[in-house]
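A.B. asks: Before anything else, here's the structure in question.
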Amino acid sequence: MTFGEVNTELIQKSTCLTSLRMLVLLPYLLVVHLKETPVGSNPVQVETGEFDEAIEVAEEVPADNPCLNHHCKKGKVCELDDSNNPICVCQDPSTCPASNGEFEHVCGTDNKTYDSSCHFFATKCTLEGTKKGHKLHLDYIGPCKYIAPCLDNELNEFPLRMRDWLKNVLVTLYERDEDNNLLTEKQKLRVKKIFENEKRLQAGDHTLELLAHDFEKNYNMYIFPVHWQFGQLDQHPIDGYLSHTELAPLRAPLIPMEHCTTRFFTQCDADNDKYIALDEWASCFGIKEREYLHIISMCHFTSFLTHFVLIR
């Protein structure tokens, strides 16, 4: 299956999932064959919180419980020690709610199917401090299955389609952003130029030759969408690098449908340090270095810009 059209209904639903202005929307925007499938029964429609291995979450506990304001990361729960102090301990996987179907299953990098993300992170927590636990990550949404090898020619096609998809996602957000909570004002100004450009290639099922030609002819239209996506992923922390966890909300829903996803993002990590830097990300999508430095302030907060300059 290839990248589909932008599902505007899912855009609206996804804005309620997080208190941040905008997390990664792409996992919510994939269109599958069963377009009438309710939200929640489609493995692609996932909350970004499902992947936040290092992000702390609060437990719902009675107000008089010290655990009320104590936060634990995914896979852990708050308990009181002998001195009545709150501590985080690994959750017993057996205490996770039973899954309602295969759409809640996830596949780990150990090629094992877990009943839900809760079961996965609880299991990962019990392996903390071990080599196996360090290597274990959530790989993709759905039960583990055979993923066909990505051929060289298919790998070359991947960024062509994804660039066009990112552009169409932003245009759709611009069209639907009635309450100014999907894009910032600066972002809207950037997307407005793309939206109003008469030369813009409209969303549709285009040939690879046409996508390649349009990228060469209308190169400037693709710069901001590529960097915008990086900015949405680079959140924990905002440091100019994408970790496996930060990348998961984008890659995990894609892998079962786009078999070149893993190889593509592995290739993006050019120095093989397990992180994708902004310059590596831009290079993967064919964006020239001079452009990514110019656009960086549009995708991140000032604190990140300062940090990026320092580490360069």
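Our numbering is plain: 1 for the first residue shown, then up by one each step along the chain.
Yeah, the Cβs are placed from backbone N, Cα and C, and that goes for glycine too.
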A.B. asks: In TrEMBL, Cys144 is listed as disulfide-bonded to which of the following: Cys96, Cys107, Cys118?
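C.D. replies: Recorded disulfide partner of Cys144 in TrEMBL: Cys107.
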A.B. asks: Of the candidates Cys67, Cys72, Cys118, Cys125, which does TrEMBL name as forming a disulfide with Cys90?
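C.D. replies: Candidates were Cys67, Cys72, Cys118, Cys125; TrEMBL matches Cys90 with Cys125.
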A.B. asks: From the list Cys284, Cys299, which cysteine is recorded by TrEMBL as disulfide-linked to Cys268?
C.D. replies: Cys284
A.B. asks: Choose one of Cys88, Cys96: the cysteine that TrEMBL connects to Cys72 by a disulfide bond.
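C.D. replies: TrEMBL lists the disulfide between Cys72 and Cys88.
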A.B. asks: For the disulfide involving Cys150, grab the partner from Cys67, Cys78, Cys260 as TrEMBL records it.
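C.D. replies: So the cysteine that TrEMBL bonds to Cys150 would be Cys260.
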A.B. asks: Going by TrEMBL, which one of Cys78, Cys96 is joined to Cys118 by a disulfide bond?
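C.D. replies: The record-listed partner cysteine is Cys96.
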A.B. asks: Just to verify a number: CA distance, Cys90 (disulfide bond) to Cys260 (disulfide bond), in angstrom, no decimals.
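C.D. replies: Taking the Cα atoms only, Cys90 (disulfide bond) lies 34 Å from Cys260 (disulfide bond).
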A.B. asks: If I take the Cα of Cys260 (disulfide bond) as reference, which of the disulfide-bonded residues Cys72, Cys88, Cys118, Cys125 has the closest Cα?
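C.D. replies: In terms of Cα distance, Cys260 (disulfide bond) lies closest to Cys118.
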A.B. asks: Taking the Cβ of Cys284 (disulfide bond) as reference, which residues of that chain separated by at least 6 in sequence fall under 8 Å from it?
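C.D. replies: The answer is Pro159, Phe264, Phe265, Gln267, Cys268, Ile276.
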A.B. asks: DSSP on the domain 'Kazal-like' (89-146): how many residues come out helix, how many strand, how many coil?
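C.D. replies: Going by DSSP assignments, the domain 'Kazal-like' (89-146) contains 21 helix, 11 strand, 26 coil.
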